[in-house]
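Taken verbatim from TrEMBL:
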TRANSMEM  A:65-82  transmembrane segment
TRANSMEM  A:94-113  transmembrane segment
TRANSMEM  A:119-138  transmembrane segment
TRANSMEM  A:150-168  transmembrane segment
TRANSMEM  A:174-199  transmembrane segment
Amino acid sequence: MNIFRGIADFSHLAAIIILLHKIWKSRSCAGISGKSQILFAIVFTTRYLDLLTSFISLYNTSMKVIYISCSYATVYLIYMKFRATYDGNHDSFRVEFLVVPVGGLAVLINHDFALLEILWTFSIYLESVAILPQLFMISKTGEAETITTHYLFCLGLYRALYLFNWIWRFYFEGFFDMIAIVAGLVQTVLYCDFFYLYVTKVLKGKKLSLPA
Amino acid sequence: CGRQSLKDEL
């Protein structure tokens, strides 16, 4: 564990908690893409199936369990408890355009043609694009609540820090994982436009709104 | 290519 990965994991955790807390406190999921949240629940479920087959550390197991539980809790709040506040009309990204190609890619390009391995690869690919319905929703409505932008910033920062973690691990441990690195790069690039708006608007106290 | 070693990541 290096400093980049340590901060990244807690940034990821912060993002998840910020979103849950925001929905719970405001009793509303307005402006939040339920589709992105379902995709993240699928990402965690398919990636952390190894909870059943191998034990790495108490930290690893606890974080996995927390990520999975929180992602399901978020989906529950959006689609069940606060369903009336869910903005389905604006959450119109066609997720099958992500899930189907990503599934095909995971079957074609993986480290080992085994079920758990393909599901792990699928989760890595899917995570890299899972935020697209949320970004699409913001581009459609033209604005985002400030708390939602903090969520997105923490989520983007997490994968950007993992890139530094992988550079570190390559130099000091000699390991690299091309699938994770390429997908992580794609994922980080998708946030670049948002990072720019976050720094130039939100951090200066302005609301994130896009020109019409 | 070191794949197993990265399984400890989240």
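Just so you know, glycine gets a Cβ as well, placed from its N, Cα and C.
Keep in mind that what you see is a predicted model, and the values were worked out from it rather than measured.
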Long-range environment of the transmembrane segment (A:150-168) - Cβ separation under 8 angstroms, sequence gap at least 6: 2, 4-5, 7-9, 11-12, 14-15, 18-19, 22, 131, 134, 144, 176-177, 180-181, 184-185, 187-188, 191, 194-195, 198, 202
For the transmembrane segment (A:174-199), distant same-chain residues with Cβ under 8 A (at least six beyond the ends): 109-111, 121, 124-125, 127-129, 131-132, 135, 149, 152-153, 155-156, 159-160, 162-163, 166, 208, 210
